[in-house]
Amino acid sequence: MSLREKLLARLLAAADFVSGAELSGALGVSRCAVWKHIEALRDEGYEIAGSPRRGYRLLKVPDALYPPLFSPLVRGKFGRPYHFYPVVSSTNDVAKELARQGAPEGALVVAEEQTGGRGRLGRAWHSPPGGLWFSLVLRPPVSPAATQSLPVLLSLAVTDGVAAFPLPSVEVKWPNDIVYQGKKVGGILVELGAEAEAVHFVVAGIGLNVNITSFPAPLEKTATSLQKIAGEALSRPQLLSAILAAAERYYSCWCREGFAPFREDYERRLCLLGREVEICCGGSVARGTVAGVDAEGRLVLVSPDGTKRRFVGGEVTFKQKPRQTLRPDEDKAEA
Ligand code: BT5
């Protein structure tokens, strides 16, 4: 780590002002050298408050994902090594290639823009500059079947990352969507490098519409962005680092205990709970009311005749208008 990165890491770790004396002691340089590096960071777009008596406090990091700006924000192993591309076809494709060449768990591929961003079943994913488009290499010690709950788990980590900002809460839409008032804010694409019994690697691709102000015609009515929700642009590096930290925490628990510990939390954030839906899965369509998810992250649907069915994947559409942002407990209060 360079001196600048160490300084930044100290400022990031501190919730309040850090004195110049403390910084110079920790970094082994003079207070004047600390001041010069603070000035250089300000030139790069960091907002740092300075007070003669209290020291320095980091207020805002610039909205750029270049390695020197983002790497100091990586707190754990998710995000190391960090591969950044201004433009790439699909971060999932790059991450898969890196994984095949032996990239370690936590390796991260981020692009400012994707020209061939993909959703499930080869659908196109609109990825202009301003969004967060990234893919993580994972090597979970589980069977291929157990990875089915990974998109569900990761969608929870994404909502946690978003919750680090002063925004109305976004919800999850099983299995892989992040939504706000029925509109899609983000999606997750998990791809596997595996044999029948063994997972060699997983690439978890996450796309989040962050600082995007308009969408092309086909998406105009169905998609939205965090900037539209917040009314202002958000710091993508801060958001990405919050998502990675949540994802790493959740993932390490999931590797040991599976999805069960996350079930209730997931249901609280699930926009489908108690709703009548149609689920399209492998060419067949089922209708029913969503009862929740099970310990494996499967969607539990109660058919009109009362039978319960579980789904590992599929396309869910509402048979009623999506609610605004009501939560299950608010539903009860309404009744
Ligand atoms: C997804 O697929 O939602 C998974 C999206 C994953 C994208 C990430 S970005 C980083 C990584 N690299 C990749 O190449 N992919 C991953 P699915 O559930 O199949 O939804 C796809 C559908 O969402 C499309 O058919 C469109 O209707 C809609 N869509 C496309 N782009 C969108 C966007 N930016 N925002 C909201 N909806 C979008």
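Glycine is treated like the rest: Cβ placed from N, Cα and C.
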From 20-39, 180-199, 200-219, the residue range that TrEMBL assigns the feature DNA-binding region: 20-39
Largest separation between Cα atoms (Å) of residues that the record links to biotin, namely S90, T91, N92, Q114, R118, G119, R120, K184: 20
Give the helix, strand or coil assignment DSSP yields for N92 (biotin binding site). helix
Which of the three DSSP states, helix, strand or coil, fits Q114 (biotin binding site)? strand
Tell me, if you would, which residue among S90, T91, N92, Q114 (binding-site residues) has the fewest other CB atoms within 10 Å in the structure shown? S90
